[in-house]
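A.B. asks: Got a structure for you, questions after.
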Amino acid sequence: ASFBZAPPGBVKAGEKIFKTKCAQCHTVEKGAGHKQGPNLNGLFGRQSGTTAGYSYSAANKNMAVQWGENTLYDYLLNPKKYIPGTKMVFPGLKKPQDRADLIAYLKZATA
């Protein structure tokens, strides 16, 4: 199913998901450094593997995906299937609601 069919996202619920499942490896604040994963500030509309100062896998750079609601929705279901060879160890979020919530939060937090 695509993002168009996803339930409406809840920013607060998405923030909780980010804090429990993503924040150990990612930051969202402008100017915050990279951790295990890249800072996600300015994520929407950016091409995969292009954040300055972060060492990406060749897979991430070569995928050249444009991050947006649809691509993130698919990616977050199963990152390793979406970008084979990615360094991201996160197994993904199976529930459409969780993905919609996280995307709603990221849209706000990374803008």
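First residue shown is number 1, and so on along the chain.
From the backbone N, Cα and C atoms, a Cβ is placed for every residue, glycine too.
In case it helps, Swiss-Prot gives these features for our protein:
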BINDING   Cys22, Cys25, His26, Met88  heme c binding site
MOD_RES   Ala1  N-acetylalanine
MOD_RES   Pro79  4-hydroxyproline
MOD_RES   Lys80  N6,N6,N6-trimethyllysine
MOD_RES   Lys94  N6,N6,N6-trimethyllysine
A.B. asks: Can you tell which of the binding-site residues (Cys22, Cys25) has the fewest other C-beta atoms within 10 angstroms of its C-beta?
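C.D. replies: Among the binding-site residues Cys22, Cys25, the lowest count of other Cβ atoms within 10 Å belongs to Cys25.
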A.B. asks: Work out the three-state DSSP category of Cys22 (heme c binding site).
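C.D. replies: Its secondary structure by DSSP: helix.
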A.B. asks: Across all chains shown, how many C-beta atoms besides its own are within 10 angstroms of the C-beta of Lys94 (N6,N6,N6-trimethyllysine)?
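C.D. replies: A count of 10.
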A.B. asks: Please identify, from the recorded positions Ala1, Met88, the residue with the sparsest Cβ neighbourhood, meaning fewest other Cβ atoms within 10 angstroms.
C.D. replies: Ala1
A.B. asks: Among His26, Lys80, the recorded positions in question, whose Cβ has the most other Cβ atoms within 10 Å in this structure?
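C.D. replies: When each Cβ's neighbours within 10 Å are tallied, His26 leads.
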A.B. asks: When you rank Ala1, Lys80, Lys94 by Cα distance to Met88 (heme c binding site), which of the modified residues ends up on top as the closest?
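C.D. replies: So, of the listed modified residues, the one sitting closest to Met88 (heme c binding site) is Lys80.
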A.B. asks: As a test of the contact definition, list every same-chain residue at least 6 positions from Pro79 (4-hydroxyproline) whose Cβ is closer than 8 Å to its Cβ.
C.D. replies: Thr86, Met88, Phe90, Pro91, Gly92
A.B. asks: Using the Cβ centroid of Cys22, Cys25, His26, Met88 as the reference point for the heme c site, which residues of the same chain not in that list have Cβ within 8 Å?
C.D. replies: Lys21, Ala23, Gln24, Lys35, Gln36, Gly37, Leu40, Phe90
A.B. asks: To the nearest Å, how far is the Cα of His26 (heme c binding site) from the Cα of Lys80 (N6,N6,N6-trimethyllysine)?
C.D. replies: 17
